[in-house]
Every structure is written in structure tokens, then in C-alpha cells.
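The next block holds one structure in the form of C-alpha cells; read it before the comments.
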Amino acid sequence: MKPTDSTSDADTGQPTVVSDGPEDTFSFETSGSTVEVTWSDRLQDFYEEFIYKPGLVAWDDRRTRIGAVIMFVYLLMGIPGAWFYPAPSTNQVKRGLGPFETLDAPLGSTGSGEDVLGMVIHATPEMLIMVVSGGIFATSVAVLIGTVAGYKGGAVDRALTSFSDVAMSIPGLPLVMVLAVVFRPRDPVLIGVLLTINYWAGLGRSIRSQVLTLREESYVEAARTMGVSTPRILLKDVIPNLMPFVLVNFANAARYVVFASVGLYYLGVLPSSVDNWGIQLENAYSQEGALVGGDALYQLIAPMIAIMGIALGLILLAQGLDRVFNPRVRTRLAGESEATAENEDRETNTEVNI
């Protein structure tokens, strides 16, 4: 009989262990299996979570594709285009050329011999910087004040709400005009911030009203019950649910920067030494008489198309990216992609076996 054999006791009916020799000792060691995560695995996870899946969802929307193409064209104009295309200068080409008369000035030239296309291209980098800086400033301040006020409540909410009300009560355009005359800004980042100096107030109030609803959700209350810190709750549970709204309003703030900067440059409030489409419009109207005879109308149309194009690209891109933050759409498309990949692998294996 082996050491582990057992018999049954007749009186008690309980099994009795019978040993024929020294009992063997077996030691079992259990330890958690540790899987080493390499940098390649982390990069792969980052790519899947933050690039591939969002890109798959975004690219599925036609608005995203059109908006992305439009903004890519402006990036090409603003970065390599401004480097390689000749900067406009007086007597650069023959004066008063119409559109498509020569390759040296495809969109024509001004009365002083400046290339119209070159003026549009070299005004793009400054505009892109103003758009990004103004949009980031307005949305960042609005998200910060709106989320803190809506989540904390009490005295903090009253103080931040009063501050927002004061900012909203100040007329935006007159305030910007006064500040522009006082500071005479030339840095495009500073101009973008200046143009949205109180634009954030209305957005902040809207975000606050949404946070008041989100903070009563069960998952937010569960996080508070478990002792999760307020910054972590805001970053993990509250702000991600606000991202579609914030993204669309970022595009609105960027469009506001475009229109406000063009208007102020046209009025001469901002320095005219900076290339801007508003300065082109003003020169075409006041110096070339574009609205009088119609011969120089193309000098108005070129910057107007540039203004409308960037505004359209921003809003289409924002509306399309709205789906990126929809978890249902994101999960569905990611699942379809994985199912398609599995079917392709299965078909490949079948062909190999045949």
C-alpha cells in the first residue's frame, strides 16, 4: 500500500490513512506569474488606444475626411509653402495681372506688383498660430473654471460663477480693440490670446451646467465613495464626457479668432506690418478699388476663399471628431475591424491548408 492509500474504519465509517513508511513531503510554492511589459508592448497599446481606434472612428465619418483634407492643405500652405514659395514684394511681377495669366502670379498681382497667391500663403502661418493659441486658451480656461465650479459647488461655485458673469458682461470687441491699441501686439500667440480674452466665459457657464448633471451620476458617486481624489475624478470621469462639447466649441473659438483677427486687421486696429488676409481685403478695397470697377475683384475673392475654407475645415473636423469620444461607436468599429482581421486570418489559414 502506498503512503497515500486509505482504508475505511468499520466502527466510525471514517477513512483512515495507513502509512507503510516515512511520509514523503511535497512542497508546493505558488507565486504570481509576472509578465514583463516591454517598451514595444507599451507603444503597441498606446498606438491601439490613442491612435488606431480613434483614427478608425474618425475616418469613418465623411465630415472628418473632408475637414482633415482641408486643414492638411492649410498646413501645407503654412509650413512648407511659406518656406518655399517666394514672399510677396513690390514689383515682384508685372502690375495688375489677372488670374491665370502667368505662372509667376497664378492668382494675379496687385497694383504694386505683389503676387496675390504669395500674399495668401505667407499670411497662413500667422493665422494658424493665432487660431491654435486662441482656441487652446479659451477652451482651457473654460474647462478649468466650468468643471471646478460645477463639481465643487458652494462658495467656490459662487465665486467662479460671479467671475464668469463679470467677464461676460464686458463687450468683447470693444475690450479687444482697447487692449490692442494699448499693447500693439505683434506676436501671433499673444494676439490669439488677446482675441479670446473673455470668449471663455460663455463656454465656462455651459460646461458648469453639464458638470452639475454629471456629478450626480452613479459612477462619479461611486468614485467619491471609494475616496478617489477630486482631480482624478475630474480627469477620468467628468472631462472625458465633456470632450465632444469642448471639441466643437474649440472649433467655434478658432473660427472666432479667424473672423475677429481679419476684422481688426481690416480696421487697422492690429499692426499692419504682419501678413494677414484682413490687410489684403483692406488694400483691395481702399487702394485697388475692387468694389468699384470690378477689375480688381479677384484680390478680394482670394483672401475671402482662404477665410471661408479654414472656417469650414475647422467645423467639419470638429463635428467628425465628435464621434471619437462616443464609446459605442468606437467599440463597434473596433470590433468590426477585429472581426474582419480574424476572418482574413481564417481565410489565409484555409488556403494554406488546401
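Keep in mind that glycine also has a Cβ here, set from the backbone N, Cα and C atoms.
Just so you know, TrEMBL annotations never went through curation; they're auto-generated.
Per TrEMBL, the feature compositional bias 'Polar residues' maps to 1-17.
For 128-318, the entry in TrEMBL reads domain 'ABC transmembrane type-1'.
Sequence annotations record features per position, and here TrEMBL assigns region 'Disordered' to 1-25.
Under the heading transmembrane segment, TrEMBL lists 66-85 (among others). Within the chain carrying the transmembrane segment (66-85), a Cβ under 8 angstroms from the stretch's Cβ atoms is held by residues 58, 117-118, 120-122, 124-125, 127-128, 309-310, 312-320, all 6 or more beyond its ends.
Here TrEMBL flags 127-151 (among others) as transmembrane segment.
A Cβ distance under 8 Å defines the sequence-distant neighbours of the transmembrane segment (163-183), meaning residues of its chain 6+ beyond its ends; these are 145, 149, 190, 194-195, 197-202, 204-205, 208, 260, 264, 269-270. Feature annotation from TrEMBL assigns transmembrane segment to 163-183 (among others).
The feature transmembrane segment is assigned by TrEMBL to 242-267 (among others). Only residues 6 or more beyond the boundaries of the transmembrane segment (242-267), in the same chain, are considered here, and those with a CB under 8 A from a CB of the stretch are 127, 130-132, 134-136, 138-139, 142-143, 147, 173, 176-177, 180, 191-192, 195-196, 199, 203, 206-207, 210-211, 214, 274, 276-279, 281-282, 307, 310-311, 314-315, 317-319, 321-322, 325-326.
Summarising the annotation, TrEMBL assigns transmembrane segment to 296-318 (among others). Distant neighbours of the transmembrane segment (296-318): 63-64, 66-68, 70-71, 73-74, 98-99, 107-108, 110-111, 116-117, 119-120, 123-124, 127, 131, 247-248, 250-252, 254-255, 258-259, 262, 277-278, 280-281, 283-285, 288-290; these residues of the same chain sit at least 6 beyond its ends, with a Cβ under 8 Å from one of its Cβ atoms.
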